Every structure is written in C-alpha cells, then in structure tokens.
Amino acid sequence: MARKYPLDKFRNFGIMAHIDAGKTTTTERILFYTGINHKIGETHDGASTMDWMVQEQERGITITSAATTCAWKEHELNIIDTPGHVDFTVEVERSLRVLDGAVTVLDAKSGVEPQTETVWRQADKYGVPRMIYVNKMDATGADFFRCISTVRDRLKGNAVPIQIPIGSEENFQGMIDLIRNVAILFYDDLGKDMREEAIPAEYAEKAEEYRAAMIEAIAEADEELMMKYLDGEEITEEELKAGLRKATIANEIYPCICGSSYKNKGVQQMIDGVVDYLPSPLDIPAVKGTNLEGEEAERNAADGEPLSALAFKIATDPFVGKLAYTRIYSGIMESGSYVLNSTKGKKERIGRLVKMHSNSRQEVESLEAGELGAVIGLKNTSTGDTLCSEKDPIILESMEFPEPVISVAIEPKTKAAQEKMGMALAKLAEEDPTFKTWTNEETGQTIIAGMGELHLDIIVDRLKREFKVECNVGAPQVAYKETIRKAVKAEAKYAKQSGGKGQYGHAVIEMEPTEGEYVFENAIVGGAIPREYIPAVDNGIQEASLNGIIAGYNVINFKVRLVHGSYHEVDSSEMAFKIAGSMAFKNAMSKADPVLLEPMMKVEITVPEEYMGDVIGDVNSRRGRMEGMEAVNGAQVIRAFVPLSEMFGYATSLRSRTQGRGVYSMVFDHYEEVPKSIQEQVAGNKAK
C-alpha cells in the first residue's frame, strides 16, 4: 500500500494538561476542523468522541489514551489524548514514550498546576518537544501573560509567545500572530468566520514589544539569524518559522499561543503550529535498543529498515477482543505476517491492523514507519513489548511504571462470581501496568492496588459494568515501605541434622542504606561458598525483603555484599543457602536501625481568602508540611506535602470547611520516614 503522505509530513503528538484545562474539548475541536466530526462533541454533556469509556463520559475526565488519526494541510496527524488526572499518570507516561511532540494545554486562569508539573517532568525525561496552548481565554480571570510567567517560574521552560491575545474574558476576540504580524479576529462561535486584519492601533505597541522579544529568542538559538539580527537586517517570515521550528525541536524554545477551544477560537492556528513547529519522525533521533547479544542497536524511521515497533497500550475491545496500540518506528508491519516479540522471545502472528479514530476504526493492510495503529490477534504481547523482524531482532527500551501507593481488599457480592472476578482483574492488570492484584496469604482476601482512590474506584466500576461483577470494597490501605538507616554486618547459619542427608548453609553479609534500586554484590573470595549457591543467597534476601521486620512491608533502598560463609560437601543445597540468606537479612535488618516509610503526596489546594487559616490549620493537623502560598485571581493557592494516610476522605472535609468552594489536587511525590509514634501505631495495627 503506497504511502498517502511522506514521512516528513507526519506529526505524532499528544495533548497533555492538568485535569479540566480543556484537553478533551481541544482534541474534539481538532477532529472537527480536520473534517472527521460533523457535530462537535462536548465534554459538558458527556458526548465527547475521545472519551469513549462510559466512566469517562460520566465523570467528564479522560482515562484511556485513545490514538486518533486525522489530516490537515497535506499532513497526517496522529493524536494521543492523555488523561490529566494524577491517578492516571501511567497513561501519560506510556503515550509520551511513543510521541514525537506535544501540546501542553494550560487553563488561562490557573496557569501551571500540579499535574502540569508532573506531566512536564515526564516529557522532559523523554525529551519531547512541546508548544504551549493557553486555553479558556474567554473565562473570568483569564490572564495569558501570567500563564507564561508560571511556565518560566515553575517549569523553568523558555516560553516564547508567538501570539498575544486581543481582549480577554468575555471580550476575547482573537489574537495577534507575531510571526506574520497580523491580527486574527473571530466573528462567530464556530470559528468559521475568521478574518485577518491589520493590528488594532491600541495593540500596536504591545505587539511590537513581544515581536521583538520573539525574534531575539529565535535568533539566540540560530547563529546565522543572530548575525542578521545584530546587523539590523530584516528577518523574513520563512526564516523566523524555520528558526523557530529548529529551536522547538531542540527543546530550546516552547512557542506559546492562545485561544478558547470551547468558543472555537484559535484551534486552527494551534493545528497550524503543530504542523509548522512540532517534529516529524525524521526530526527525532533514531530509536535505540539492544540486539539479542545485548549490544546497542538503533533503527532509523524508514520503510526500508527492518521492522521495529513498540506496543504501548493493551485495551480490551467488546467486539474484537484484545487490541495492542502500537507505534511503528522502522520498517513495515503487514497484516497476516509473523513477527518476533523480542521482549518475550515469542513469535506472534499479526491478525488485523486498524487505524483508530477515537473508538471507530478503519482496517488497513499495513502500518509503515512513523505510523500509529492497533494490532488485533496478538496472544503474548503486553504493554512495553517490542515487536520486530525475526531476521534482525532488536529490543527497544521498555517503559518504567511507578509502584502502586494504595490498596484495598475486594470480594464479589456472591461466591459464584469469585472466578469471574479473578479473570476480570487479570484482564484489567494486563491493560494497566500500575494496577496490581494479588491474594493476601494470611487472610485469603483478594487485594487490588493502584495510584489513588479514583483509580481503584474506576477499576471497581469497570468490574461492574464490563464484567458484570459487583464487589464489596474494604477501607483503603497505604503502601508503606521499610528501610534501614545504618550499615551493619550480620550472619546466619542454617544447619539441620536428622539422620540421612542434612541441610547446611552459612552466609555472612554486609548491609548498608543506599538510594535507588536493590543491589547485591558478591564479594566471596577463595570459594568459601561455591558459585552455584550465590544466587540462592540473593534470592533468599530478596524474598525476605518483601516482608520487613517492623510491620511486614516491602524493604527498599538497601545494598547487600555477601562477604563470607561456609558450606558442607554433602549437606549444602540451594534451599539451605536461600534460607541462610533470608535469616542473615533479618538479623542484619534488626541491627540496622530500621524505619517505616510512607508515601508523601504533593498537594495543591485553592480556596477563597476567608477560609485560608482554617484550611492551613487542617493541613498542619494532617502532618502536612507547607511549601508555599500564592494569591491567584482572588483565591489562595496553598502548596504542601502531606502523607497519603492523612488524605483519605479529604475531598469531603475540604468541601465542608469551605462551603464547597475549595478544590484540591494531589500527586504522589516521594517516600519519607514516619514519626516514631505513627510507626508504632502502624506496626500495632498490622499485628492485630
């Protein structure tokens, strides 16, 4: 199948934002203007095309990132809609992994919000070029210039306006395009009657000031333009666009534009910006991975290269079963062909290939380099797996997902539904890597764990709707961790003699605190422990670390060196050394000043001035640590770190304290030591 558009005309981009910044509405408008939708879907009435799960339509928030294909000015756009709610950071993470660029949507009255920061950091991690769209310019309290300064202050991003608004709040009429030096004014609510005019006299001075600042910023990123600028020569529109594109792709500049998606003002200009300034698959570095020998390998975005693709999302479709959303980095994937899942070392048959438009689909014979689509019929592929050619295998870097911070016990309302619930939970866990489920061996209860209360609410809701399993849910439990504070040396000998073959294992370890992942170092010399038993000691330590000695929580941030030990010619076995390893770990931990850690949430609360004292007092009583305050549009924004255990039911408490006028958002930030009194309380509760 011949390409409809060449690779340099592809734009794979995501729309990322804080909840309620108007991300889904913006995507809907893009689909409207690119000619796919005839009637615009509104999130307000639950009819939005992108929000295709029932729960999303009811709650008005986007949960599943749907990949949608559309066309604009001879370019193919693949849009990934990402959720802005903190409990769904995993969706954002996995979509950023496969994007080439992104549009960050800000709410004109709030600027940068907590989730904007989280998403921005994730985009930094993957080096995703971004442009900034300041939405809701028609809302009361809208302030474009304040928004831009929040990007500079809080995100430390070089935000450069390439438009400035004409009017704001109910008088928002359009914008001045600083590159072309014209005013764009809207005369209707569908964005159809849009006229280019001379810049109004009262804006001439401001436009001149911001245009000069923009030209200087673009020139700073390009040596040739800098020379022209310093010589006082005129820089042409084409040169400005080319310079801005180069600087945006290099992450040196974040171009800023404005609009109101709901009022259909500025969306077409934003799509033009995506085409003009965000990268094509040819503008980004070759994708890196390793071959089967573990050596570094890379693939360029070209149809002639061997196939390499990443399955970035698994979804269950009511009609066709399992869909694997996939980004093709190089080569061509054809329906009916066989490929290698190099992550799992298994051969897979590509069933049907479809391009997704929100939740309708168009079947295609092949997906080429740079394209995004969904594969039907894969048996063994899960999120983060690489699909590649069998002749030239490559394993692309997989994705990292955060561990859950909250868990609840769950049971079906009828005994008969137990098996059905187990199968449903397994299916949901396959779709969402931050959702985990297991059985508590002591109580026999099924436990589900995720990134927040809303995350688990939606899982329970999906069990009921999609799998027809109604459940009773226990009280939420915090995922505490344990760690150590000092370096120690400890040993353990496991010896059993009872006629016949005995058991013997002896290990001496040094254990110390460390930042980051668990490290095991083998420092045995002179064969004190035979090589084949070393991994058993490591396994014993890792298994024992799943149940710390304070309250049975997972132990993190420690390093172990196996320094000495002894063995018995006849009685030693892997099992004996595994037990010795786990005993040595417990002995070491009891001496190493163990402490309990709890998840700390970054909380941002917006309240009217008159409730501030009461709300701050309440945050302090929840063991919160104030980080700062800021007055925004007549309200106070309070920032603090608060332990997750103190935040359950906070929404209700805040509502009653502020007569329903306070709002808050929170996102997991880090783990911190628990005060002694709380540690004793948690350990006591666990022992009951």
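Even glycines carry a Cβ here, placed using N, Cα and C.
The GTP binding site feature in Swiss-Prot is assigned to 17-24, 81-85, 135-138; the stated evidence is sequence analysis.
For 8-282, the entry in Swiss-Prot reads domain 'tr-type G'.
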Among ASP20, MET137, the most crowded of the binding-site residues [Cβ within 10 Å]: MET137
Predicted model, mean pLDDT over the domain 'tr-type G' (8-282): 83
Structural state of MET137 (GTP binding site), classified by DSSP into three states: coil
Count of other CB atoms lying within 10 Å of the CB belonging to ALA17 (GTP binding site): 27
Number of other Cβ atoms within 10 Å of the Cβ of LYS23 (GTP binding site) across all protein chains: 29
